[in-house]
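Reviewing the structure listed below.
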Amino acid sequence: MSILPPCLCNRPQKSTWLKLQCSNCLGILKDSENINCSSQASVHFALSDTFSKSLIEYLSSGNKFIHKRSCTDKTQQSSSNILKNPEKTKYLLRNPSEPLLIHKPNQLSAPALINLKSNKSNNKKKEYLKREILYTGHTNSINSIEILDNKIWTAGADYKIFYWDLPQNSISSTKPDNHLQISSNFAHSRNITCITSLNPETLLTSSIDKTVKSWKATKKLKLKTIYKHKSGVKSLSILNKNFISSTNDSKIHIWDLAYNSSTLSYSEHLKPVLSIENFKYNTFLTGSEDSSIKLWDSRTVHSISSFNSHFDAVTKVKIIDQYTFLSSSKDMTVRTWDIRTSQTISLLNSKQEIFSLDYFKDFIIIGGEKLQLWSKGVFIGENSARAKCLKYIQSNHSVVVGSFDNSVSIYKLLI
């Protein structure tokens, strides 16, 4: 058995065949002097220096592939020639720790190579939120969405209300839809903050222009009633046959639709309320810019309880069942609350300011710079959407998203 000169790793090499690389790191030997060769019959003979150098130069040329790894970097290897000319190179499955053996000048045994193309496809992340429909028409951000009678109603900072046909069958498209209808050129004289449905035929809209308006929900909106406030209106919600509004002066008002007047007002929040959610019967929740959430009963003059774990403005509250609800905040978190204890049950950190959220079953949809999907506290996937508002549609398992960039999109949930 012949002793080969040391490799770059300075370890002596032994071989019974002609071996030009280190068994430790597969690096090329330092020199080619005194390289001995034996056949399978163990007939030893010495190669001349000229022949040895010529053989090494030939095998190291661009026409053949040779591993060039060192002990300090075992991960680097060039597989370009193997992939480009697989028919010219034959390799055998072997243990990578064994030495690289050369049987013939035109045949090379090497460690099994990884199929790079198959790896790319295997590493591709699954898409859970796929945008299928894109509507354009608004000229400023969309602030609120309402689904009514298979139509999507949107209200924005451009003072306008649009409605769009809700597709019954999912048809992939990224072009503006041809069924765009402008319901009113200017429904309000200032930024529209919220749109909600009073009943299947009536819509309510609120605005910074200090009014709440009721509309007959037809292709061309017909104004029915105007409810005047002393300050700009930030949010709306329906409570039985009444509606609740919050204003810039941090007050909450309950309005009697029959008498067109405010019957009760609350002023416990320190900053404007951004979200109102009707709980059940006469109770409702409010989320404020002062980072607090309060539970109210319209039959009392004070709040029932408070929830104070957020550190920034509460942008959305969403009721799950009679004991729990969700809240989102600009502090980048979503909290699940127990109403009975006023304590947080679970906490999600979305790593972005949150402006809206919705849920279905065990899933939570979060809207911010990115549209995110979570399940049981685990992050599932996301899509760049710049979502200002969103609403889940159970009928076709999709999400309608109103964006800061003036567009309305429908995302299909692939779960």
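Along the chain as shown, residues are numbered 1 onward.
Every residue gets a Cβ built from N, Cα and C, even glycine.
In TrEMBL, annotation is done automatically, which means it is predicted and not curated.
Positions annotated as repeat 'WD' by TrEMBL: 135-174, 226-265, 266-306, 307-347.
On the 0 to 100 pLDDT scale, the repeat 'WD' (226-265) averages 93 in the predicted structure. Away from its own ends, the repeat 'WD' (307-347) comes close to residues 271, 274-280, 285-295, 353-359, 364, 366, 374, 377 of its chain (Cβ-Cβ under 8 Å, at least six residues beyond either end).
Summarised by DSSP class, the composition of the repeat 'WD' (226-265) is 0 helix, 26 strand, 14 coil.
For the repeat 'WD' (135-174), the DSSP counts in helix, strand and coil order read 0 helix, 20 strand, 20 coil.
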